[in-house]
Amino acid sequence: MTPLLEVRHITKEYPGCRANDRVNLCIDMGEIHALLGENGAGKSTLMKIIYGVVQPDEGELLWRGMPVNIKGPAHARQLGIGMVFQHFSLFDTLSVLENILLSLPAHEARDRLRVLRQLDDMGKRYGMHLDPHRPVSTLSTGERQRVELIRALLNEPQLLILDEPTSVLTPQECEGLFASLRKLAADGCSILFISHKLQEVKDLCQRATILRGGCVVDELDPRETDIDTMAARMVGSGTATHATTRPGVQGEAAISVHHLTLPGFSSHEVGVRDVSFTAYKGEILGIAGVAGNGQACMLRALSGEQLSQSDDVRIGARGIGRLNPAQRRKLGMAVVPEDRLGRGAVPDMTLVENALLTAADQGLVKKGVIQHGALRDWTSQLCKLFKVKTAGIDAQARSLSGGNLQKFIIGREVLQQPAVLVASHPTWGVDIGSAVAIREALLTLRDQGCAVIILSEDLDELFEISDRMTALCHGQLAPIKARQDTSVEEVGRWMGGDFSDTPPAAESSAIAAATAAHSDLPQENRHAQA
Amino acid sequence: MDMDLITNILFAAVRTGTPLLLVAIGELICERAGVLNLGQEGMMLMGAVLGFIAALTTGSIVTGFVVAALAGVLMSLLFGFLALTLSTNQYATGLALAIFGGGLSAFIGQPFVGKPVDGLHAIVIPYLSDIPLIGKALFAQDGMVYLSFILVPALAWMLKNSRPGLIIRAAGESPDSLHALGHRVMMVRYLAVMFGGAMAGLAGGYLSLAYTPMWNEGMTAGRGWIALALVVFAGWQLGRLMLGAYLFGLASILHLVFQGLGFDISPSLLAMMPYVATILVLVVLSRSRDNPALQAPAAIGKPWRPVH
Amino acid sequence: MLRLERQPQDSRLMAWCSPLLAIALTLAAGALLFAVLGHKPLESLYEFFLGGVKDIYSVGELGVKVTPILLCAVGLVLCYRANVWNIGAEGQFIAGALCAGMAALAGLDIDTPWYAVVIMLAGMLGGMIWAGIAAWLKTHFACNEILTTIMLNYVAYNLLQYGVHGPLKDPQGFNFPESAMFNDNHLLPVILEGTRLHGGILIAAVAVIAVVLLLRYTHLGFKITVLGRDASAATFAGFGSKQLTWIVLLACGGLAGLAGAGEVDGPIGQLTPYISSGYGYAAIIVVFLGRQQPVGAVLASILLGLTYLGGETSQIKLGLPVSLTELFQGMLLFFLLACDLFIGYRLRWIPRVHPA
């Protein structure tokens with residue numbers, strides 16, 4: 001049988017990096033095919049080439065056995081290729097319907113009533129209901145993905161490409177998505193499923209192509225391969241894929257938040273509602289949650305970028321809610337924001353200047369005058385200690401790879417020996433080697449007695465390094481539990497907004513209720529669970 | 001104050017507001033597509049001078065307006081080439097356009113300063129223009145005013161309901177997403193910029209061919225800048241834009257009002273009014289910035305390039 | 001086909017070559033313009049740019065033009081570094097001149113040359129007040145500073161007209177819209193014999209050095225630069241953006257006010273309706289051309305000073321309008337913006353891919 005799509009010897013080069021190197025890929029009719037690889041392996045580039053967003057330097061594509069030159073996304077859709085992007089290409093201020101109309105060819109978009117009817121049919125068939133007149137800005141992340149999916153499906157594609165679709169979903173939402181996808185494949189639509197999460201690939205896909213460093217390293221059947229083998233193929237042999245986890249020793253309270261309620265920055269952003277918790281010295285507190293549920297607001301409230309009532313946030317007994325980020329730093333606070341370029345670091349400035357951004361108090365500025373010599377030494381030391389690969393300390397921040405820049409930023413904060421470190425998505429979009437190094441650095445910092453708070457979407461990571469776990473949903477905080485007392489399922493429910501406790505034994509329900517009420521008192525909590 | 005005076009003030013407010021409205025309509029569409037062109041003043045001046053020269057040499061006012069619009073389009077293409085194709089900083093590029101247009105128009109127009117031209121005549125609509133108070137303001141104006149009456153609702157409908165309108169709004173909201181859907185963002189933005197240029201040219205032509213009518217160096221007197229503030233005032237909505245333009249028209253003819261009321265105030269102080277009013281409007285607006293229906297397009301002023 | 005590609009590192013070489021390239025392109029375009037107008041291109045260009053500078057007096061005249069441009073530009077360097085789009089140096093210049101003029105007229109009878117200090121300080125204060133309005137509007141009401149400063153330019157201009165037509169008009173001036181002449185004793189001293197070059201240029205030199213030191217060695221200078229490059233990083237680091245906005249605007253207003261005061265209390269010697277020839281706008285181009293560096297601004301203001309002299313020369317010798325100055329300035333900025341693109345991007349030839 002002729003494969004639906006065949007990719008032959010595709011090469012694509014960017015300045016300083018060969019994103020795809022003679023890549024071959026073959027997708028059969030009606031199969032769910034996984035494209036596996038870690039961040040930076042070239043998955044995104046390949047899929048953009050297939051969708052016509054990017055033109056390859058060399059190689060060819062065969063569609064149903066015929067060579068094609070896909071000129072652009074419109075052409076790709078015409079052929080029958082649909083795409084759901086990881087970062088949704090939706091328009092916030094437009095309605096669901098308007099978003100869908102934009103993706104249709106002009107002649108089909110003219111008949112709005114027919115489009116509305118199709119929407120309704122689609123919702124019923126695949127279990128994806130949406131109000132077409134709601135502005136996209138009011139939808140949850142999962143609902144937005146549905147808009148993307150429906151938009152792609154209205155074109156009746158024969159090949160649907162999904163770019164890391166589960167990274168924005170709770171585990172429960174993932175199940176729903178997989179059900180829809182299986183139904184779709186049964187209807188004859190092939191699916192190219194891009195991911196780096198091995199378990200879900202094993203659950204869903206019939207075939208997997210593994211990319212590493214821009215090259216195809218293997219093609220295998222994920223149902224018959226165990227996860228460790230796949231992981232090894234993905235990252236190459238000899239690379240550690242896990243930090244050496246070890247439990248922390250909890251000390252006294254370092255930072256606490258008391259009934260914090262704040263609005264988001266815009267009408268599109270979720271704030272936080274009545275959040276209370278305490279983080280203790282020598283522990284890592286993991287806060288799970290799908291982005292867009294108040295994490296940004298929470299991080300700003302902790303860092304000082306958004307002010308609150310003085311006593312809403314405290315370091316020890318001191319209220320710091322009215323202090324700005326520089327003042328909080330002097331009290332031992334360090335922060336790693338979710339945006340590396342354009343917040344954690346200034347893209348066009350050198351590493352030396354970026355070191356000065358938050359580390360002025362390390363004796364690098366005296367009486368308002370910059371100590372250039374000390375600053376350069378400090379930056380060199382930072383790059384050496386944290387193995388930041390760079391052309392030199394005078395390189396611009398934007399010239400570093402994601403992993404190296406993140407090591408630089410984490411290193412800059414860690415080197416200041418903070419009493420409290422708040423990090424948002426510390427390893428997002430980072431290669432596995434750097435991610436392991438970053439987790440290791442966070443664990444070491446914790447062992448030195450720092451209170452570490454991590455906001456992340458990545459449950460695997462949180463379960464790997466956290467001592468206690470909770471989740472944010474719609475700006476509210478779930479109960480806090482010790483890692484060993486909770487489970488992926490429970491945290492998943494928290495992420496979906498279900499904070500109710502379904503304890504394993506009936507008699508502990510009263511205690512559980514008490515735990516939920518006093519979620520900021522971990523001693524009680526731990527005691528009760530024990 | 002008698003009825004005649006009020007009638008005349010309303011008439012003059014609409015007439016004075018029209019060049020502002022014309023240029024602001026163009027800029028509004030341009031901004032809805034995500035492009036901020038600060039060079040309105042330069043495009044208006046070029047429209048004013050070339051339109052004037054064309055009308056003077058051909059003796060045809062219509063030719064004058066056509067040339068004025070074309071002059072605006074040419075200037076806007078200069079902006080477009082830099083700000084869109086070369087993705088330069090839109091603020092600086094617009095500023096350069098304003099300075100360049102000011103210099104070039106003064107240079108070209110020097111031999112024509114003070115020459116008379118037979119200006120655009122009013123088209124008085126019988127009966128309707130006799131309606132008390134508003135009749136004269138609405139139905140005894142010239143063709144360009146009527147054009148603006150038609151353009152505002154037509155464009156408002158286009159933006160809200162038509163596919164081109166949807167695409168323009170999307171280009172101003174998220175050019176990356178629009179590009180990913182396979183639409184030609186560059187072309188959409190070029191067309192919006194060119195439309196803005198044509199409208200600015202017409203507005204300039206209105207000043208030199210209908211409002212004054214004659215050519216003088218720097219005769220736009222900051223109207224291009226005020227129009228930019230008007231678009232902010234209007235919350236990027238055409239209906240509010242029209243209202244704002246006439247309010248500014250009113251502020252510009254305050255001397256008429258004060259004369260009517262018998263006050264004697266220095267003309268220099270009165271000449272300040274539209275500019276002070278603009279600042280006040282910006283201040284008042286900051287209080288109502290939370291209304292989600294009146295927000296700036298998200299991608300406005302940000303250079304954008306397609307990723308290959 | 002040709003394609004623009006983002007470079008991983010900005011090209012430092014290009015950052016400094018771009019202004020030179022832009023000047024060359026402007027000259028080429030200027031030659032073309034002269035040729036089209038029926039003048040000999042090279043001779044006319046020479047006449048425009050260098051014809052005005054042939055003796056010590058004309059060098060002094062160049063200095064007289066450079067002084068206000070440079071003072072405004074040095075202030076604008078701070079603003080643009082902080083991404084505060086102050087287009088209002090012109091208005092701040094006029095406000096400074098107006099306040100300086102009022103101080104000079106109020107103290108006509110005071111018999112000490114030191115009164116010049118009072119006049120200059122009044123001018124500085126005037127400029128700071130004018131810039132302070134924009135700072136207040138931006139920090140308290142989030143008003144776009146481009147629009148407010150431009151509006152304030154027009155307001156200042158009309159205020160000046162009001163002044164010279166009204167309360168500040170010389171009672172013995174035959175109803176001309178001009179103030180009385182200032183006390184000769186109070187004027188800034190001429191520092192080059194036989195020219196009109198005055199002490200204002202020394203103030204400009206001090207300002208340049210101060211800003212160089214501020215940007216190179218102080219934490220404050222670093223904070224200003226960070227705010228301009230990346231506002232979220234500045235917020236993240238806890239650099240108060242409102243405070244920095246006030247600082248740069250007040251500094252710029254003060255310098256522009258000094259420039260205005262230096263003009264009326266120097267070469268002009270009275271208040272007239274036309275005290276600025278658009279120096280505040282020319283300073284904007286200077287900042288871009290001078291790479292937002294104070295030293296670069298010195299070189300660029302000399303070039304812009306030449307365009308002012310050239311406008312006057314070509315009016316006399318070639319019979320061309322003075323607006324040639326603005327025309328050249330606009331072209332220069334256009335070419336510069338285009339050339340600047342190649343600091344961060346490069347052109348690459350990419351062969352089209354054809355399916356086999």
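In case you wondered, yes, glycine gets a Cβ from its N, Cα and C as well.
As recorded in TrEMBL:
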{"type": "TRANSMEM", "residues": "B:6-30", "note": "transmembrane segment"}
{"type": "TRANSMEM", "residues": "B:42-59", "note": "transmembrane segment"}
{"type": "TRANSMEM", "residues": "B:65-84", "note": "transmembrane segment"}
{"type": "TRANSMEM", "residues": "B:91-113", "note": "transmembrane segment"}
{"type": "TRANSMEM", "residues": "B:133-159", "note": "transmembrane segment"}
{"type": "TRANSMEM", "residues": "B:190-212", "note": "transmembrane segment"}
{"type": "TRANSMEM", "residues": "B:218-236", "note": "transmembrane segment"}
{"type": "TRANSMEM", "residues": "B:243-262", "note": "transmembrane segment"}
{"type": "TRANSMEM", "residues": "B:268-285", "note": "transmembrane segment"}
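Taking pairs at least six residues apart, the transmembrane segment (B:190-212) and the transmembrane segment (B:65-84) share three or more Cβ pairs below 8 Å and count as touching. By the Cβ criterion (under 8 Å, sequence separation of 6 or more), the transmembrane segment (B:42-59) is not in contact with the transmembrane segment (B:268-285), since fewer than 3 such pairs are found.
Touching of the transmembrane segment (B:91-113) and the transmembrane segment (B:65-84) is concluded from the presence of at least three CB pairs under 8 A, sequence neighbours closer than 6 excluded. Sequence-distant neighbours of the transmembrane segment (B:243-262) (same chain, 6+ residues past either end, Cβ-Cβ under 8 Å): 1, 5, 8-9, 12-18, 20-21, 24, 226, 230, 233-234, 270, 273-274, 277-278, 281.
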